[in-house]
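Heads up, the thing below is written out as structure tokens.
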Amino acid sequence: MMSKKMKVLVVDDSPVFRALLSEIINSDPQLEVIGAAEDPYQAREMIKALKPDVLTLDIEMPKMNGVQFLKNLMRLHPLPVVMISTLTQHGADATLMALELGAVDYFPKPSVANTADMLGYRSLVNEKIRMAAQAQVGANQSMSPAVASSSAVSTSQYQLIAIGASTGGTEAVKHLLSALPASMPPIVITQHISAMFSGPFASRLDASCALSVSELTQGEVALKANHAYVAPGDKHLMVFRRGGQLYAHLDDSPAVNRHKPSVDVMFGSVAESLKGKAIGVILTGMGKDGAQGMLQMKQQGAITVAQDEQSCVVYGMPRAAVECGAAMHIKPLNKLPQFLCDLLS
């Protein structure tokens, strides 16, 4: 027997894009467009009448922009939302704000570049919408951790923390980092994100954390304590040791698990270069990127921890890590900062 289709409401002011997106979504046997609204006011009435499972929402719209509408929606009628973004600096800031307000995910409007790969674009859009329909909306919001305290970090046996995340991760990473003290070993972060968004993402983290956070932009950087480094959205971040010093370098080889940057690539390099002197953390996200790399870390003697199902927006990557035996510990997001600090002291 066929299961019930997930009901999608499309909100976009362009009639051409509404038609294209509706056609893409309806091509998926699990999804069905039950309506298309041209502005937030029309969307509000349609949400009440049609009760969609998931909403796609354009960031740039007349009358009221998508972010403002999302803010009202999350307060009055929380439901899974996937933002449709432009790959611009302004689009990046607005999208990250939308994710902070509770949107599950985003995808870019098709450009000339990605129309060439319309099949790939189609499957990306539908996968994100299917995932969002099953996401736990507000999982991050309810899990704000207390600021953790730590002592004697400089003498810890653990010389590096590696964090991997995908859907829901921009907020989970922020919650985790903003609750960590300023004194920490170097932290490397691979978050699945568009290249245009990784810089603004790092800047937002930097503004909300005691640690110094930056996007890795040069080919090779010596890793420093009390600093966190974010992989750019189009290159793998790898860690290696030269002499007594740890370095991160950017790798332009093909995508792994369909992702670039890939968490598996980062974790694998950490396993090789630090053996048991690292901590691996896998947070919310769809798919299974990071599970095999985390298993390598565990086999080399590192400590590994996965975010628990209840606090994940999407329990995909952590589930894969748990199921393959890679995760030694499973913790809710709000307990992770203190757990890391306890390990370090």
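The chain as shown is numbered from 1 upward.
Backbone N, Cα and C define each Cβ position, glycine as well.
As recorded in Swiss-Prot, the features of this protein are as follows:
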DOMAIN    7-124  domain 'Response regulatory'
MOD_RES   ASP58  4-aspartylphosphate
DOMAIN    154-345  domain 'CheB-type methylesterase'
ACT_SITE  SER166  active site
ACT_SITE  HIS192  active site
ACT_SITE  ASP289  active site
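Features per Swiss-Prot, on structure.
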| residue | record | DSSP class |
| --- | --- | --- |
| ASP58 | 4-aspartylphosphate | strand |
| SER166 | active site | coil |
| HIS192 | active site | coil |
| ASP289 | active site | coil |
Cβ-Cβ distance under 8 Å to HIS192 (active site), same chain, at least six residues away: ALA165, SER166, THR167, GLY169, HIS259, PRO261, GLY285, ASP289
Cβ packing number for ASP289 (active site), 10 Å threshold: 30
For the residue listed as '4-aspartylphosphate': intrachain residues, at least 6 apart, with Cβ closer than 8 Å: VAL11, ASP12, ASP13, SER14, PHE17, GLY66, MET83, ILE84
Helix, strand and coil residues within the domain 'Response regulatory' (7-124) as assigned by DSSP: 58 helix, 26 strand, 34 coil
Protein Cβ atoms within 10 Å of SER166 (active site), excluding its own: 27
Integer average pLDDT (0 to 100) for the domain 'CheB-type methylesterase' (154-345): 97
